[in-house]
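Remarks on the structure that follows.
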Amino acid sequence: MARFEEQKLYIGGRYVEASSGATFETINPANGEVLAKVQRASREDVERAVQSAVEGQKVWAAMTAMQRSRILRRAVDILRERNDELAALETLDTGKPLAETRSVDIVTGADVLEYYAGLVPAIEGEQIPLRETSFVYTRREPLGVVAGIGAWNYPVQIALWKSAPALAAGNAMIFKPSEVTPLTTLKLAEIYTEAGVPDGVFNVLTGSGREVGQWLTEHPLIEKISFTGGTSTGKKVMASASSSSLKEVTMELGGKSPLIIFPDADLDRAADIAVMANFFSSGQVCTNGTRVFIHRSQQARFEAKVLERVQRIRLGDPQDENTNFGPLVSFPHMESVLGYIESGKAQKARLLCGGERVTDGAFGNGAYVAPTVFTDCSDDMTIVREEIFGPVMSILVYDDEDEAIRRANDTEYGLAAGVVTQDLARAHRAIHRLEAGICWINTWGESPAEMPVGGYKQSGVGRENGLTTLAHYTRIKSVQVELGDYASVF
């Protein structure tokens, strides 16, 4: 029997029954427990959501900027009041440790919503003088109805990262969470309604990407798609969005990010960064620094320091507040990660630790994989080329700076990169040469609301967070005014 009641769709400011009558299950990856049956949206439900969003958006856009700002700030307050409740639900659905979801997932999502709530009154156009009797002014107008398609690793945070700028700019959003982790996004919809967001401005449709996601990308009344997920799926979403009605897109896609540790680096700091960049959230972070480049002269010392820190990882029940490493998000994903680990062994990478499923006692009921470190890796290995999205670190040895940067850039991805060094000139020189949209010097992983995040190459299109993102949820209307006579040539 499921722990929670059957989960409905959220359309027009309330829960509604899916017309399909079909459901799917969401599972606690820590123990295999069925958390809930979740209703599967149909094409008819997509139409209902779009019509509701069209109507709600008109009401929302007609409000003053200060009115919208106050309502979004109210939603921020509710999110923070309900932080622990939402964190507990996120932990059940994702398997993330409670200590992590309490301090990161809802907190960082609320921060982004607060940031954009403050920017609502600052959305403004320009006045451009042409001559004494004529000028141009511009208006930034909302796009209308936009759609967000989320990933399973940060469900509520991603929903907030996408909905915050969209709603701040006066749009309505239809959001499709991942089938794997749909629960907290439905709670976010409740919170928006409680805060005073008009009915229809934020709708949640649960179901598969192949169906619901496809219907959203094809719909002619949806003006923009914001997608987070794998690169192969992102290409399909982008193609569908373009071929249907030339929709705007934001794509936050895969990564295989390099972390370069230079010979002068503080190795204790470097090891701390490398372990965080690979094992936080059980390695299920798109920006993880999974290709760790270490200078040959420092390899043995660095590996020893990494192993020392891995031994301190507290793998356990996510509900235990002392746990800082939980299961993977699902059993199918666990099998995928284990497959990559076997590939690393077969291709003769040297295994330093981990490399297996954890099955001791109660862990045998969950999707646990031990923190895994491979060394003596080569650039052509599958574990080095492909995104694993799990707790697997690959250590690669290099001999000089040019080699490290050339190899770091030898990838189809360009999401993130980082360097560890005490030489300020070298740090900036290297970062300027690395082909990645998000870079860190002597740190890793923080993505504050003010910071635009997104990738180069096949890691994405557009940005999330920061000032630049808000502009991409608006369109510019240019208006010329003539105060003098009009001279016709006819």
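Cβ coordinates come from backbone N, Cα and C, glycine included.
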From CYS286, CYS377, the one annotated by Swiss-Prot with GLY150, ALA151, TRP152, LYS176, PRO177, SER178, GLU179, GLY230, THR231, SER232, THR233, GLY254, GLU387 for NAD(+): CYS286
Recorded K(+) 1 site member, picked from ASP77, ASP84, ASP93, ASP111, that accompanies THR26, ILE27, VAL180 in Swiss-Prot: ASP93
Same chain, 6+ residues apart, C-beta under 8 Å of the C-beta of GLU464 (active site, charge relay system), given in sequence order: TRP161, LYS162, PRO165, SER226, THR250, GLU252, PRO452, VAL453, GLY454
Candidates VAL180, LEU246, CYS286: member of the recorded positions with the richest Cβ shell (10 Å): CYS286
Rounded inter-Cα distance in Å - PRO177 (NAD(+) binding site), ILE27 (K(+) 1 binding site): 15
Among VAL180, LEU246, LYS457, which are recorded as binding-site residues, the nearest neighbour of THR231 (NAD(+) binding site) by Cα: LYS457
VAL180 (K(+) 1 binding site) and TRP152 (NAD(+) binding site), Cα-Cα, nearest whole angstrom: 6
